[in-house]
There are 2 protein chains.
Amino acid sequence: MKLLMIEDNKSVSEMMAMFFKKEQWDAHFAYDGNEAVEMFNEDPNGWDMVTLDLNLPGKDGMQVSADIRKASPTVPIIMLTARDSESDQVLGLEMGADDYVTKPFSPITLIARIKALHRRADLAKTAPAEQPANAVSSFDVQTDHFKLNTKTREAYLAGVQIQDLTPKEFDLLKTLAQKPRQVFSREQLLQLVWDYEYYGDERTVDAHIKKLRQKIEKAGPQIIQTVWGVGYKFDDSGVDAQ
Amino acid sequence: MKLLMIEDNKSVSEMMAMFFKKEQWDAHFAYDGNEAVEMFNEDPNGWDMVTLDLNLPGKDGMQVSADIRKASPTVPIIMLTARDSESDQVLGLEMGADDYVTKPFSPITLIARIKALHRRADLAKTAPAEQPANAVSSFDVQTDHFKLNTKTREAYLAGVQIQDLTPKEFDLLKTLAQKPRQVFSREQLLQLVWDYEYYGDERTVDAHIKKLRQKIEKAGPQIIQTVWGVGYKFDDSGVDAQ
DNA sequence: CTGATTTGTGAAAGATTTGTGTCAAACTGC
DNA sequence: GCAGTTTGACACAAATCTTTCACAAATCAG
(Lines of atoms letter the chains of each structure in order from A and count residues from 1; the text may use other names and numbers.)
(Lines give C-alpha, C1' and ligand atoms only; values in the text may rest on other atoms or scores of the structure.)
Protein backbone atom coordinates (compact mmCIF):
# COMPACT_ATOMS: atom_id res chain seq x y z
CA MET A 1 0.00 0.00 0.00
CA LYS A 2 1.29 3.41 -1.00
CA LEU A 3 0.51 6.02 1.60
CA LEU A 4 1.09 9.76 1.80
CA MET A 5 1.35 11.29 5.27
CA ILE A 6 1.14 15.07 5.31
CA GLU A 7 2.43 16.20 8.68
CA ASP A 8 4.73 19.02 9.67
CA ASN A 9 5.63 17.60 13.03
CA LYS A 10 8.70 15.50 12.40
CA SER A 11 8.52 13.58 15.63
CA VAL A 12 5.03 12.43 14.78
CA SER A 13 5.98 11.39 11.27
CA GLU A 14 9.12 9.64 12.45
CA MET A 15 7.19 7.66 14.94
CA MET A 16 4.54 6.75 12.41
CA ALA A 17 7.25 5.81 9.92
CA MET A 18 8.30 3.02 12.22
CA PHE A 19 4.81 1.67 12.45
CA PHE A 20 4.24 1.94 8.73
CA LYS A 21 7.46 0.05 8.16
CA LYS A 22 6.29 -2.68 10.45
CA GLU A 23 3.20 -3.02 8.32
CA GLN A 24 5.38 -3.02 5.24
CA TRP A 25 3.63 -0.08 3.74
CA ASP A 26 5.21 2.22 1.21
CA ALA A 27 4.89 5.42 3.20
CA HIS A 28 5.83 8.85 1.87
CA PHE A 29 5.93 12.06 3.86
CA ALA A 30 5.26 15.70 3.03
CA TYR A 31 5.95 18.49 5.46
CA ASP A 32 3.88 21.33 4.09
CA GLY A 33 0.81 21.79 1.98
CA ASN A 34 2.35 22.85 -1.30
CA GLU A 35 4.89 20.08 -1.21
CA ALA A 36 2.12 17.63 -0.47
CA VAL A 37 -0.08 18.64 -3.38
CA GLU A 38 2.91 18.63 -5.68
CA MET A 39 3.95 15.20 -4.52
CA PHE A 40 0.43 13.88 -4.84
CA ASN A 41 0.00 15.22 -8.34
CA GLU A 42 3.05 13.44 -9.64
CA ASP A 43 0.87 10.36 -9.77
CA PRO A 44 -2.67 11.21 -8.70
CA ASN A 45 -3.96 7.72 -9.22
CA GLY A 46 -1.06 5.94 -7.60
CA TRP A 47 -1.92 6.56 -3.96
CA ASP A 48 -3.88 4.22 -1.74
CA MET A 49 -4.27 6.50 1.24
CA VAL A 50 -3.61 10.04 2.45
CA THR A 51 -3.39 11.21 6.03
CA LEU A 52 -3.52 14.96 6.36
CA ASP A 53 -2.66 17.14 9.31
CA LEU A 54 -4.90 20.18 9.12
CA ASN A 55 -2.51 22.45 10.98
CA LEU A 56 0.03 22.97 8.28
CA PRO A 57 2.44 25.76 7.57
CA GLY A 58 1.84 27.44 4.24
CA LYS A 59 -1.23 26.15 2.55
CA ASP A 60 -4.40 25.66 4.56
CA GLY A 61 -5.14 22.04 5.31
CA MET A 62 -8.67 22.19 3.96
CA GLN A 63 -7.34 23.62 0.73
CA VAL A 64 -4.86 20.76 0.49
CA SER A 65 -7.73 18.36 0.96
CA ALA A 66 -9.69 20.09 -1.78
CA ASP A 67 -6.72 20.01 -4.14
CA ILE A 68 -6.20 16.32 -3.56
CA ARG A 69 -9.89 15.58 -3.97
CA LYS A 70 -9.83 17.50 -7.20
CA ALA A 71 -6.94 15.44 -8.52
CA SER A 72 -8.40 12.17 -7.32
CA PRO A 73 -12.06 11.95 -6.41
CA THR A 74 -11.63 8.59 -4.79
CA VAL A 75 -8.40 8.42 -2.80
CA PRO A 76 -9.16 7.79 0.88
CA ILE A 77 -8.30 10.75 3.10
CA ILE A 78 -7.94 10.73 6.87
CA MET A 79 -7.70 14.12 8.53
CA LEU A 80 -5.57 14.45 11.62
CA THR A 81 -5.84 17.46 13.83
CA ALA A 82 -5.69 18.96 17.27
CA ARG A 83 -8.82 20.95 16.50
CA ASP A 84 -11.45 19.02 18.32
CA SER A 85 -14.40 21.23 17.56
CA GLU A 86 -17.40 19.49 16.18
CA SER A 87 -17.84 21.99 13.37
CA ASP A 88 -14.30 21.36 12.17
CA GLN A 89 -14.92 17.68 12.17
CA VAL A 90 -18.19 17.95 10.29
CA LEU A 91 -16.67 20.38 7.82
CA GLY A 92 -13.77 18.05 7.23
CA LEU A 93 -16.00 15.10 6.56
CA GLU A 94 -18.21 17.15 4.29
CA MET A 95 -15.18 18.34 2.42
CA GLY A 96 -14.63 14.79 1.34
CA ALA A 97 -12.49 13.32 4.10
CA ASP A 98 -13.28 9.75 5.04
CA ASP A 99 -12.21 9.90 8.64
CA TYR A 100 -11.23 12.53 11.13
CA VAL A 101 -8.90 11.69 13.98
CA THR A 102 -8.09 14.16 16.74
CA LYS A 103 -4.68 14.52 18.29
CA PRO A 104 -3.22 13.18 20.33
CA PHE A 105 -3.86 9.81 18.81
CA SER A 106 -1.99 6.60 19.31
CA PRO A 107 -0.21 4.99 16.39
CA ILE A 108 -2.15 1.79 17.00
CA THR A 109 -5.44 3.59 16.60
CA LEU A 110 -4.39 5.37 13.45
CA ILE A 111 -3.10 2.14 11.95
CA ALA A 112 -6.39 0.46 12.78
CA ARG A 113 -8.35 3.24 11.13
CA ILE A 114 -6.15 3.25 8.07
CA LYS A 115 -6.65 -0.49 7.75
CA ALA A 116 -10.41 -0.20 8.15
CA LEU A 117 -10.64 2.52 5.54
CA HIS A 118 -8.29 0.75 3.19
CA ARG A 119 -10.36 -2.39 3.46
CA ARG A 120 -13.48 -0.41 2.65
CA ALA A 121 -11.85 1.46 -0.23
CA ASP A 122 -10.52 -1.77 -1.65
CA LEU A 123 -14.03 -3.03 -2.12
CA ALA A 124 -14.47 -0.39 -4.75
CA LYS A 125 -11.41 -1.56 -6.61
CA THR A 126 -11.92 -5.27 -6.51
CA ALA A 127 -15.64 -5.31 -7.10
CA PRO A 128 -15.89 -3.53 -10.42
CA ALA A 129 -14.61 -4.76 -13.73
CA GLU A 130 -10.88 -4.96 -13.95
CA GLN A 131 -8.94 -2.31 -15.69
CA PRO A 132 -5.85 -3.64 -17.47
CA ALA A 133 -3.03 -2.44 -15.27
CA ASN A 134 -0.55 -1.71 -17.96
CA ALA A 135 -2.96 -0.64 -20.68
CA VAL A 136 -2.51 2.84 -22.06
CA SER A 137 -5.42 4.31 -20.23
CA SER A 138 -3.95 7.68 -19.59
CA PHE A 139 -7.54 8.66 -20.17
CA ASP A 140 -9.00 9.68 -16.89
CA VAL A 141 -12.53 9.61 -18.11
CA GLN A 142 -13.69 7.15 -20.65
CA THR A 143 -17.23 6.29 -21.60
CA ASP A 144 -18.55 4.80 -24.79
CA HIS A 145 -18.28 7.90 -26.86
CA PHE A 146 -16.33 10.28 -24.71
CA LYS A 147 -12.71 10.30 -23.66
CA LEU A 148 -10.81 12.79 -21.60
CA ASN A 149 -7.12 12.82 -20.84
CA THR A 150 -5.87 15.01 -18.03
CA LYS A 151 -2.24 14.64 -18.97
CA THR A 152 -2.71 16.06 -22.45
CA ARG A 153 -5.83 17.97 -21.49
CA GLU A 154 -7.63 16.77 -24.56
CA ALA A 155 -11.23 15.64 -24.82
CA TYR A 156 -12.77 13.56 -27.58
CA LEU A 157 -16.42 13.12 -28.39
CA ALA A 158 -17.24 10.18 -30.66
CA GLY A 159 -13.65 10.31 -31.88
CA VAL A 160 -13.71 14.01 -32.66
CA GLN A 161 -11.63 16.30 -30.53
CA ILE A 162 -13.33 19.11 -28.67
CA GLN A 163 -11.09 22.00 -29.60
CA ASP A 164 -9.77 25.11 -27.90
CA LEU A 165 -10.90 24.31 -24.37
CA THR A 166 -9.72 26.88 -21.88
CA PRO A 167 -8.46 25.63 -18.51
CA LYS A 168 -11.72 26.33 -16.72
CA GLU A 169 -13.75 24.76 -19.46
CA PHE A 170 -11.63 21.66 -19.38
CA ASP A 171 -11.82 21.36 -15.60
CA LEU A 172 -15.54 21.88 -15.67
CA LEU A 173 -16.02 19.22 -18.31
CA LYS A 174 -13.75 16.85 -16.43
CA THR A 175 -15.59 17.33 -13.17
CA LEU A 176 -18.96 16.69 -14.75
CA ALA A 177 -17.73 13.78 -16.85
CA GLN A 178 -16.13 12.02 -13.91
CA LYS A 179 -19.58 11.23 -12.61
CA PRO A 180 -21.74 10.72 -15.64
CA ARG A 181 -25.40 11.55 -15.13
CA GLN A 182 -24.83 12.85 -11.66
CA VAL A 183 -26.29 16.29 -11.17
CA PHE A 184 -23.99 18.98 -9.81
CA SER A 185 -25.37 22.16 -8.32
CA ARG A 186 -23.71 25.43 -9.21
CA GLU A 187 -22.45 25.60 -5.65
CA GLN A 188 -20.85 22.18 -5.91
CA LEU A 189 -19.22 23.09 -9.18
CA LEU A 190 -17.83 26.29 -7.72
CA GLN A 191 -16.32 24.20 -4.94
CA LEU A 192 -14.95 21.50 -7.19
CA VAL A 193 -13.80 23.47 -10.21
CA TRP A 194 -13.03 26.78 -8.59
CA ASP A 195 -12.17 26.56 -4.91
CA TYR A 196 -13.83 25.17 -1.90
CA GLU A 197 -14.21 28.61 -0.46
CA TYR A 198 -14.65 30.55 -3.64
CA TYR A 199 -16.81 33.56 -3.10
CA GLY A 200 -18.44 34.53 -6.32
CA ASP A 201 -21.53 34.62 -8.43
CA GLU A 202 -23.08 31.22 -9.05
CA ARG A 203 -24.18 32.35 -12.47
CA THR A 204 -20.57 32.42 -13.53
CA VAL A 205 -20.94 28.68 -13.87
CA ASP A 206 -23.66 29.26 -16.46
CA ALA A 207 -21.41 31.45 -18.50
CA HIS A 208 -18.76 28.75 -18.65
CA ILE A 209 -21.30 26.07 -19.43
CA LYS A 210 -22.45 28.13 -22.34
CA LYS A 211 -18.96 28.52 -23.77
CA LEU A 212 -18.27 24.86 -23.19
CA ARG A 213 -21.44 23.83 -24.96
CA GLN A 214 -20.53 25.91 -27.98
CA LYS A 215 -17.25 24.07 -28.29
CA ILE A 216 -18.81 20.67 -27.70
CA GLU A 217 -21.33 21.32 -30.45
CA LYS A 218 -18.58 21.70 -32.97
CA ALA A 219 -17.47 18.16 -32.22
CA GLY A 220 -20.77 16.35 -31.85
CA PRO A 221 -24.06 16.16 -29.97
CA GLN A 222 -24.62 17.91 -26.69
CA ILE A 223 -23.38 16.03 -23.65
CA ILE A 224 -24.08 18.59 -20.96
CA GLN A 225 -27.65 18.75 -19.80
CA THR A 226 -29.38 21.32 -17.67
CA VAL A 227 -31.35 19.91 -14.77
CA TRP A 228 -33.80 22.67 -14.16
CA GLY A 229 -33.77 24.04 -10.66
CA VAL A 230 -30.83 21.89 -9.66
CA GLY A 231 -27.77 22.24 -11.83
CA TYR A 232 -25.98 20.51 -14.68
CA LYS A 233 -24.98 16.99 -15.56
CA PHE A 234 -22.86 15.16 -18.07
CA ASP A 235 -24.75 12.58 -20.09
CA ASP A 236 -23.47 11.09 -23.30
CA SER A 237 -26.05 8.33 -23.53
CA GLY A 238 -27.67 10.15 -26.41
CA VAL A 239 -24.54 9.82 -28.53
CA ASP A 240 -25.79 6.52 -29.83
CA ALA A 241 -25.89 7.06 -33.55
CA GLN A 242 -23.00 5.58 -35.40
CA MET B 1 -30.87 5.24 2.29
CA LYS B 2 -31.95 2.33 4.47
CA LEU B 3 -30.27 2.35 7.83
CA LEU B 4 -30.39 0.03 10.83
CA MET B 5 -29.64 1.54 14.23
CA ILE B 6 -29.01 -1.00 16.95
CA GLU B 7 -29.31 0.83 20.23
CA ASP B 8 -30.98 -0.14 23.49
CA ASN B 9 -31.17 3.38 24.85
CA LYS B 10 -34.52 4.67 23.66
CA SER B 11 -33.79 8.31 24.28
CA VAL B 12 -30.74 8.09 22.05
CA SER B 13 -32.61 6.34 19.28
CA GLU B 14 -35.53 8.70 19.52
CA MET B 15 -33.30 11.69 19.19
CA MET B 16 -31.48 10.17 16.26
CA ALA B 17 -34.79 9.26 14.66
CA MET B 18 -35.56 12.95 14.34
CA PHE B 19 -32.29 13.66 12.64
CA PHE B 20 -32.64 10.70 10.30
CA LYS B 21 -36.06 11.90 9.35
CA LYS B 22 -34.68 15.30 8.51
CA GLU B 23 -32.26 13.62 6.14
CA GLN B 24 -35.15 11.61 4.75
CA TRP B 25 -33.42 8.35 5.51
CA ASP B 26 -35.33 5.16 5.96
CA ALA B 27 -34.19 4.41 9.49
CA HIS B 28 -35.06 1.23 11.36
CA PHE B 29 -34.33 0.51 15.00
CA ALA B 30 -33.48 -2.61 16.95
CA TYR B 31 -33.27 -2.65 20.72
CA ASP B 32 -31.29 -5.78 21.40
CA GLY B 33 -28.79 -7.98 19.65
CA ASN B 34 -30.99 -10.91 18.71
CA GLU B 35 -33.70 -8.68 17.37
CA ALA B 36 -31.09 -6.80 15.36
CA VAL B 37 -29.60 -9.85 13.70
CA GLU B 38 -33.04 -11.18 12.97
CA MET B 39 -34.14 -7.90 11.46
CA PHE B 40 -30.97 -7.61 9.44
CA ASN B 41 -31.31 -11.11 8.05
CA GLU B 42 -34.76 -10.47 6.69
CA ASP B 43 -33.03 -8.71 3.84
CA PRO B 44 -29.26 -8.92 4.27
CA ASN B 45 -28.53 -7.05 1.06
CA GLY B 46 -31.12 -4.39 1.54
CA TRP B 47 -29.25 -2.28 4.10
CA ASP B 48 -27.04 0.68 3.31
CA MET B 49 -25.69 1.23 6.79
CA VAL B 50 -25.65 -0.21 10.30
CA THR B 51 -24.86 1.61 13.52
CA LEU B 52 -24.24 -0.71 16.41
CA ASP B 53 -24.14 0.06 20.10
CA LEU B 54 -21.68 -2.36 21.65
CA ASN B 55 -23.30 -2.28 25.06
CA LEU B 56 -26.36 -4.32 24.36
CA PRO B 57 -28.54 -6.47 26.52
CA GLY B 58 -28.63 -10.08 25.45
CA LYS B 59 -26.22 -10.79 22.67
CA ASP B 60 -22.74 -9.29 22.83
CA GLY B 61 -22.20 -6.38 20.49
CA MET B 62 -19.13 -7.88 18.90
CA GLN B 63 -21.05 -11.05 18.19
CA VAL B 64 -23.80 -9.01 16.55
CA SER B 65 -21.18 -7.35 14.39
CA ALA B 66 -19.79 -10.73 13.40
CA ASP B 67 -23.24 -12.07 12.57
CA ILE B 68 -24.00 -9.10 10.38
CA ARG B 69 -20.64 -9.33 8.65
CA LYS B 70 -21.33 -12.95 7.96
CA ALA B 71 -24.67 -12.14 6.36
CA SER B 72 -23.28 -9.23 4.39
CA PRO B 73 -19.53 -8.86 3.90
CA THR B 74 -19.87 -5.33 2.62
CA VAL B 75 -22.51 -3.45 4.56
CA PRO B 76 -20.92 -0.43 6.31
CA ILE B 77 -20.91 -0.73 10.09
CA ILE B 78 -20.33 2.06 12.59
CA MET B 79 -19.80 1.00 16.18
CA LEU B 80 -21.06 3.27 18.93
CA THR B 81 -19.92 2.81 22.45
CA ALA B 82 -19.06 4.31 25.78
CA ARG B 83 -15.99 2.11 25.99
CA ASP B 84 -13.25 4.47 25.11
CA SER B 85 -10.33 2.14 25.54
CA GLU B 86 -7.97 1.95 22.65
CA SER B 87 -7.95 -1.82 22.60
CA ASP B 88 -11.72 -1.90 22.24
CA GLN B 89 -11.55 0.50 19.38
CA VAL B 90 -8.83 -1.40 17.58
CA LEU B 91 -10.63 -4.66 18.17
CA GLY B 92 -13.84 -3.23 16.79
CA LEU B 93 -12.17 -1.97 13.66
CA GLU B 94 -10.36 -5.25 13.19
CA MET B 95 -13.61 -7.09 13.60
CA GLY B 96 -14.79 -5.45 10.42
CA ALA B 97 -16.34 -2.20 11.60
CA ASP B 98 -15.74 0.80 9.38
CA ASP B 99 -15.87 3.43 12.06
CA TYR B 100 -15.93 3.57 15.82
CA VAL B 101 -17.58 6.49 17.60
CA THR B 102 -17.42 6.92 21.36
CA LYS B 103 -20.29 8.16 23.46
CA PRO B 104 -21.36 10.72 24.14
CA PHE B 105 -21.48 11.79 20.52
CA SER B 106 -23.48 14.56 18.96
CA PRO B 107 -26.09 13.71 16.35
CA ILE B 108 -24.43 16.11 13.92
CA THR B 109 -21.17 14.25 14.17
CA LEU B 110 -22.74 10.87 13.74
CA ILE B 111 -24.69 12.08 10.73
CA ALA B 112 -21.51 13.46 9.21
CA ARG B 113 -19.71 10.17 9.74
CA ILE B 114 -22.58 8.18 8.33
CA LYS B 115 -22.59 10.39 5.27
CA ALA B 116 -18.83 10.10 4.81
CA LEU B 117 -18.94 6.34 5.08
CA HIS B 118 -21.95 6.05 2.84
CA ARG B 119 -20.20 8.15 0.23
CA ARG B 120 -17.19 5.90 0.42
CA ALA B 121 -19.26 2.72 0.28
CA ASP B 122 -21.18 4.07 -2.67
CA LEU B 123 -18.00 4.32 -4.68
CA ALA B 124 -17.91 0.56 -4.72
CA LYS B 125 -21.25 0.59 -6.43
CA THR B 126 -20.71 3.43 -8.84
CA ALA B 127 -16.99 3.04 -9.39
CA PRO B 128 -16.94 0.70 -12.38
CA ALA B 129 -15.21 3.14 -14.72
CA GLU B 130 -18.59 4.74 -15.16
CA GLN B 131 -20.28 1.98 -17.03
CA PRO B 132 -23.04 2.45 -19.55
CA ALA B 133 -26.19 4.39 -19.12
CA ASN B 134 -28.33 3.47 -16.20
CA ALA B 135 -25.72 1.34 -14.55
CA VAL B 136 -25.32 4.19 -12.10
CA SER B 137 -26.20 2.60 -8.82
CA SER B 138 -26.93 4.20 -5.48
CA PHE B 139 -30.65 4.32 -5.96
CA ASP B 140 -32.27 5.93 -3.02
CA VAL B 141 -35.52 4.18 -3.60
CA GLN B 142 -35.65 0.77 -5.10
CA THR B 143 -38.59 -1.55 -5.23
CA ASP B 144 -39.24 -4.38 -7.66
CA HIS B 145 -40.27 -2.20 -10.54
CA PHE B 146 -39.42 1.29 -9.47
CA LYS B 147 -36.06 2.95 -9.00
CA LEU B 148 -35.23 6.48 -8.06
CA ASN B 149 -31.80 8.05 -7.87
CA THR B 150 -31.35 11.40 -6.18
CA LYS B 151 -27.83 11.87 -7.50
CA THR B 152 -28.95 11.82 -11.10
CA ARG B 153 -32.49 12.82 -10.32
CA GLU B 154 -33.80 10.08 -12.55
CA ALA B 155 -36.71 7.74 -11.90
CA TYR B 156 -37.43 4.47 -13.65
CA LEU B 157 -40.66 2.52 -13.78
CA ALA B 158 -40.34 -1.07 -14.98
CA GLY B 159 -37.11 -0.09 -16.64
CA VAL B 160 -38.56 2.89 -18.46
CA GLN B 161 -37.45 6.33 -17.42
CA ILE B 162 -40.05 8.77 -16.22
CA GLN B 163 -39.07 11.80 -18.22
CA ASP B 164 -38.98 15.54 -17.73
CA LEU B 165 -39.70 15.60 -14.02
CA THR B 166 -39.58 19.11 -12.59
CA PRO B 167 -37.92 19.64 -9.23
CA LYS B 168 -41.18 19.61 -7.29
CA GLU B 169 -42.47 16.59 -9.14
CA PHE B 170 -39.29 14.68 -8.47
CA ASP B 171 -39.26 15.59 -4.79
CA LEU B 172 -42.89 14.69 -4.46
CA LEU B 173 -42.40 11.33 -6.10
CA LYS B 174 -39.36 10.65 -3.98
CA THR B 175 -41.17 11.48 -0.76
CA LEU B 176 -44.09 9.24 -1.59
CA ALA B 177 -41.91 6.42 -2.88
CA GLN B 178 -39.69 6.39 0.18
CA LYS B 179 -42.57 4.95 2.14
CA PRO B 180 -44.45 2.70 -0.24
CA ARG B 181 -48.15 2.30 0.54
CA GLN B 182 -48.04 4.86 3.30
CA VAL B 183 -50.65 7.54 2.91
CA PHE B 184 -49.52 11.14 3.12
CA SER B 185 -51.97 13.94 3.76
CA ARG B 186 -51.68 17.10 1.71
CA GLU B 187 -50.50 18.87 4.83
CA GLN B 188 -47.74 16.33 5.37
CA LEU B 189 -46.64 16.60 1.78
CA LEU B 190 -46.54 20.37 2.00
CA GLN B 191 -44.30 20.00 5.02
CA LEU B 192 -42.02 17.37 3.53
CA VAL B 193 -41.77 18.50 -0.06
CA TRP B 194 -42.26 22.21 0.37
CA ASP B 195 -41.23 23.60 3.72
CA TYR B 196 -41.98 22.95 7.32
CA GLU B 197 -43.77 26.24 7.52
CA TYR B 198 -45.08 26.68 4.04
CA TYR B 199 -48.12 28.85 3.83
CA GLY B 200 -50.09 27.94 0.77
CA ASP B 201 -53.08 26.23 -0.70
CA GLU B 202 -53.28 22.50 -0.01
CA ARG B 203 -54.78 21.95 -3.42
CA THR B 204 -51.46 22.88 -4.92
CA VAL B 205 -50.45 19.34 -4.07
CA ASP B 206 -53.24 18.07 -6.29
CA ALA B 207 -52.01 20.08 -9.21
CA HIS B 208 -48.56 18.57 -8.90
CA ILE B 209 -49.93 15.08 -8.45
CA LYS B 210 -51.82 15.52 -11.65
CA LYS B 211 -48.77 16.60 -13.62
CA LEU B 212 -46.75 13.84 -12.05
CA ARG B 213 -49.31 11.23 -12.98
CA GLN B 214 -49.31 12.39 -16.58
CA LYS B 215 -45.56 11.85 -16.78
CA ILE B 216 -45.73 8.51 -15.01
CA GLU B 217 -48.34 7.29 -17.46
CA LYS B 218 -45.99 7.81 -20.33
CA ALA B 219 -43.59 5.34 -18.74
CA GLY B 220 -45.96 2.69 -17.37
CA PRO B 221 -48.88 1.97 -15.09
CA GLN B 222 -50.02 4.37 -12.41
CA ILE B 223 -48.12 4.16 -9.14
CA ILE B 224 -49.69 7.06 -7.28
CA GLN B 225 -53.04 6.33 -5.71
CA THR B 226 -55.59 8.68 -4.23
CA VAL B 227 -56.83 7.74 -0.78
CA TRP B 228 -60.14 9.47 -0.67
CA GLY B 229 -60.56 11.92 2.14
CA VAL B 230 -57.00 11.40 3.32
CA GLY B 231 -54.34 12.03 0.73
CA TYR B 232 -52.05 10.19 -1.66
CA LYS B 233 -49.78 7.19 -1.59
CA PHE B 234 -47.20 5.44 -3.68
CA ASP B 235 -47.99 1.84 -4.55
CA ASP B 236 -46.31 -0.08 -7.32
CA SER B 237 -47.64 -3.49 -6.31
CA GLY B 238 -49.83 -3.47 -9.39
CA VAL B 239 -46.87 -3.27 -11.72
CA ASP B 240 -46.34 -6.67 -13.25
CA ALA B 241 -43.05 -8.10 -14.29
CA GLN B 242 -42.12 -7.68 -17.89
C1' DC C 1 -81.34 9.30 -4.67
C1' DT C 2 -79.73 13.82 -3.10
C1' DG C 3 -76.83 17.02 -1.31
C1' DA C 4 -72.32 17.76 0.66
C1' DT C 5 -67.65 16.98 0.28
C1' DT C 6 -63.58 15.82 -2.03
C1' DT C 7 -60.79 15.26 -6.08
C1' DG C 8 -59.59 15.95 -11.17
C1' DT C 9 -58.57 19.24 -14.55
C1' DG C 10 -57.42 23.13 -17.55
C1' DA C 11 -56.08 27.71 -17.98
C1' DA C 12 -53.76 31.75 -16.62
C1' DA C 13 -51.16 34.66 -13.72
C1' DG C 14 -47.06 34.83 -11.02
C1' DA C 15 -42.47 33.48 -9.75
C1' DT C 16 -38.19 31.50 -10.60
C1' DT C 17 -34.48 29.86 -13.26
C1' DT C 18 -31.66 29.69 -17.28
C1' DG C 19 -29.60 31.40 -21.81
C1' DT C 20 -27.04 34.85 -23.68
C1' DG C 21 -24.47 39.12 -24.93
C1' DT C 22 -21.67 42.68 -23.21
C1' DC C 23 -18.10 44.64 -20.70
C1' DA C 24 -14.39 45.13 -17.48
C1' DA C 25 -10.88 42.87 -14.85
C1' DA C 26 -7.33 39.53 -14.52
C1' DC C 27 -4.06 36.92 -16.61
C1' DT C 28 -0.42 35.15 -20.30
C1' DG C 29 3.21 35.06 -23.27
C1' DC C 30 6.19 37.93 -25.41
C1' DG D 1 4.39 47.13 -20.83
C1' DC D 2 1.33 45.30 -24.62
C1' DA D 3 -1.92 42.57 -27.28
C1' DG D 4 -4.64 38.78 -27.02
C1' DT D 5 -7.08 35.45 -24.00
C1' DT D 6 -9.49 34.01 -20.32
C1' DT D 7 -12.41 34.87 -16.61
C1' DG D 8 -16.12 36.90 -13.80
C1' DA D 9 -20.14 39.82 -13.16
C1' DC D 10 -24.35 41.52 -14.59
C1' DA D 11 -28.67 42.55 -16.87
C1' DC D 12 -32.26 41.53 -19.92
C1' DA D 13 -34.85 38.26 -22.51
C1' DA D 14 -36.49 33.67 -22.89
C1' DA D 15 -37.83 29.48 -21.04
C1' DT D 16 -39.72 26.82 -17.49
C1' DC D 17 -41.92 25.85 -13.36
C1' DT D 18 -45.37 26.95 -9.49
C1' DT D 19 -49.42 28.37 -7.67
C1' DT D 20 -54.01 29.62 -7.69
C1' DC D 21 -58.67 29.37 -9.06
C1' DA D 22 -62.98 27.94 -10.92
C1' DC D 23 -65.67 24.45 -12.57
C1' DA D 24 -66.49 19.57 -13.67
C1' DA D 25 -66.43 14.94 -12.07
C1' DA D 26 -66.30 11.55 -8.60
C1' DT D 27 -67.29 9.82 -4.06
C1' DC D 28 -69.56 9.51 0.23
C1' DA D 29 -73.24 9.85 3.99
C1' DG D 30 -77.76 9.41 5.09
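Note: Cβ is positioned from N, Cα and C throughout, glycine not excepted.
If you look up TrEMBL, you'll see A:136-236 marked as DNA-binding region.
The domain 'Response regulatory' annotation in TrEMBL covers A:2-118.
Annotation comment: TrEMBL describes A:136-236 as domain 'OmpR/PhoB-type'. DSSP assignment over the domain 'OmpR/PhoB-type' (A:136-236) gives 36 helix, 23 strand, 42 coil.
The 4-aspartylphosphate annotation in TrEMBL covers A:Asp53. Within the same chain, the residues at least 6 positions away from A:Asp53 (4-aspartylphosphate) whose Cβ sits under 8 Å from its Cβ are A:Ile6, A:Glu7, A:Asp8, A:Asn9, A:Val12, A:Gly61, A:Met79, A:Leu80, A:Thr81, listed in sequence order.
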*pLDDT averaged over the residues of the domain 'OmpR/PhoB-type' (A:136-236)*: 90
_For the domain 'Response regulatory' (A:2-118), how many residues does DSSP put in helix, in strand and in coil?_
56 helix, 24 strand, 37 coil
